[in-house]
Amino acid sequence: MELSFYLVQLLNAIQYGFLLFLVASGLTLLFGIMGIINLAHGSFYMIGAYLAYGLTEMTGSLWLGILLGLPIALLVGYLVERFAISFLYKRDHLYQVLLTFALILIFNELQQILWGTDVHGVAIPAPLAGSIPLTENQSYPVYRLFISAVCIAIAGGMSWVIQKTRLGMMIRAGASNREMVQALGIDVNRLFALVFSLGVALAAFAGMLAAPVDSVYPGMGENVLIISFVVVVIGGTGSIKGAFIGAMLIGLVSTFGKVLLPEMASIMAYALMALILLWRPQGLFGRAH
Amino acid sequence: MAVTTRSLTLPAALLILVLFPLFGSSFYVGLLTRILILAIFAMSLDLLIGYTGLVSFGHAAFFGIGGYALAIAFQDATTIHLWQALPLSLAAALAALVVGWISIRTSGIYFIMITLAFGQMFFYYFFESPRYGGDDGIFLFFKPVLMIGTESILNLENENTFYYFALGCLVTGYLLLAMILRAPFGKVITAIKANEHRVRALGYSINRYKLVSFVIAGTLAGLAGFLEGAHSGYVNPSYMSWHSSGIAIAIAIVVLGGMGTLYGPIVGAFIVVLLQDFLPSLTEHWQLLFGGIVISVALFLPRGATSLLPRILSRRQTTRPDSPPPEDGPREPADG
């Protein structure tokens, strides 16, 4: 195996890591700010992928599909927060787990009612459909590079919002001390609704971007969900930086695991998480409590 | 006579269960056997989440290990001797010891997630191992028998015999747990759930108590998995999955029935299995209804269905103020 082969794997790992980061960053904020374990977060990834599929079929363009799909995802996020999640803030983790599990069942049924149980594919838009040749028989698809580039832009934007804006200040304050933020007179309900909807939109956006490279299938959310939790826990809950490092670690470990140790690949991400928690029970960037 | 009504409920329920095979068809005896097995599993989970305050998301792994231990040891055997097979469910105890020893160092969401990680590791290990059938799992063509010499005393091939065997396991498990919970050990673990710091301040080594509780629960889950494998005739990775049939459903069973009581999970197993059996006859999209039911119970009846019983009884009591107030159920868990 030559160098270019490893380069392709490295690029794949980074692209996978970025998509995981989009899903996990919402999840880690939900936990850090609102103290919510949201098992249904993977469903939003699935909803995003199905929206991309459905709207692309309707409009004939992935770009239009994403443009129309994002407001729908935001709306779904807002409604779910109002009518389900907002009842959970004061509840025990156990009830959060149970209720959001029930939400998964409901979303999965709705998906089957709307789109059926078939596996679908979304075509890569024409300008990005090519691939860049690396050697005679190795090449790398442009669309995957495009995903990474978009994710870098989003990660940069998020870091700017969180470090430099008033909203980001409230988010950081909320993650470090929820009661104090409330006591300072910030409308926490509105903050929670906003953060939740943004988290949903990010997860859905990840699903939309991934739709052309992965197929769109029922239950696709669950696979992403568990691995995103691993990312959140490795990074430490509430830490965007942690989610980023965690996502890249998992991207590398699962991609290279599949190449180097195929029979152990699925186990390695979990083993890594167990090891990290043994060393730092609060995750890499989590605060000790 | 509210208190008497309540204390008679359990023996009456047991009597109905004992007499059931005399009247029920073999299909329903089979269904009921499945419910009893799930009840054992849910009861073991309740020891963790309802009594010790440990929300373990990897508990299904021990259920699966109990099943796989039986299947791996006897996949080519033509006779499965019960006295050889039953101790194999202790494999789950060993796994629980290792997983528990590592996991109890964390708490809160980290505990939920590290147990989930271990659960997923076991799931993928069996899912991707061609030696143990991978995705398809292992089929068992015979059911365990108990023989002395050449005389078979207990042949689980017979559906009714299996039913009584499972019922016996459930009752034994129930009594054992009731005994444990009444002992000083039980008082300490319930205290840990209520306030861990205070118990530590009293000088108890809480990790040791948590670990023992984790291992007891894992062992009982292993027994349930052993029974499930023997009863259904196959063992596959879905035993250990976190959704569909695995841990999330088990949590639903415990909470729907009423956690923090030993009879709650048993009632919950009846509710959930009967719902899963009945709802698909109403609509193809029955998970929508099931999800709705789970949400409503968790929101409006957080202490589960069995908390309705004392409530109904106490309503009757208001018309008769001279009788003693019924003992209240477990208190709601402290808000996180």
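Even glycines carry a Cβ here, placed using N, Cα and C.
Unlike curated records, TrEMBL annotations are generated automatically.
As annotated by TrEMBL, region 'Disordered' applies to B:314-336.
Taken from TrEMBL, the feature transmembrane segment covers B:12-42 (among others). Through the fold, the transmembrane segment (B:12-42) approaches residues 63, 159-160, 162-164, 166-167, 169-171, 173, 220-221, 223-225, 227-228, 231-232, 250, 253-254, 257, 265-266, 268-270, 272-274, 277 of its own chain, all at least 6 residues removed from its boundaries and within a Cβ separation under 8 Å.
Counting only same-chain residues 6+ beyond the ends of the transmembrane segment (B:48-70), those with a CB under 8 A from a CB of the stretch are 41, 80, 85, 88-89, 91-92, 95-96, 99, 103-104, 111-113, 115-120, 122-123, 126, 132, 138, 140, 181, 186, 189-190, 192-194, 196, 209-210, 213-214, 217-219, 221-226, 228-230, 235, 237, 239-242, 246-247, 250-251, 254, 259-261, 264, 330, 333. Per TrEMBL, transmembrane segment is recorded for B:48-70 (among others).
According to TrEMBL, the transmembrane segment annotation covers B:82-102 (among others).
Taken from TrEMBL, the feature transmembrane segment covers B:108-126 (among others). Sequence-remote contacts of a segment are chain residues at least 6 beyond its ends whose Cβ falls under 8 Å from one of its Cβ atoms, and for the transmembrane segment (B:108-126) they are 54-61, 64-65, 68, 95, 99, 102, 132, 134, 137, 236-237, 240-242, 246-247, 336.
Positions annotated as transmembrane segment by TrEMBL: B:138-156 (among others).
If you look up TrEMBL, you'll see B:162-185 (among others) marked as transmembrane segment.
Long-range neighbours of the transmembrane segment (B:206-227) within the same chain, counting only residues 6 or more positions beyond its ends whose Cβ lies under 8 Å from a Cβ of the stretch, are 37-38, 40-41, 43-45, 47-48, 51-52, 54, 56, 59-60, 62-70, 85-86, 88-93, 95-97, 99-101, 103-105, 165-166, 169, 173, 177, 180, 185, 188-189, 192, 196, 199-200, 235, 239. The feature transmembrane segment is assigned by TrEMBL to B:206-227 (among others).
Counting residues 6+ beyond its ends, the transmembrane segment (B:247-274) has Cβ neighbours under 8 Å at 10, 31, 34-36, 38-39, 41-43, 45-46, 49-51, 56-60, 119, 170, 174, 177-178, 181, 241, 294, 297-298, 302-307, 329-331, 333 in the same chain. Here TrEMBL flags B:247-274 (among others) as transmembrane segment.
Per TrEMBL, transmembrane segment is recorded for B:286-305 (among others).
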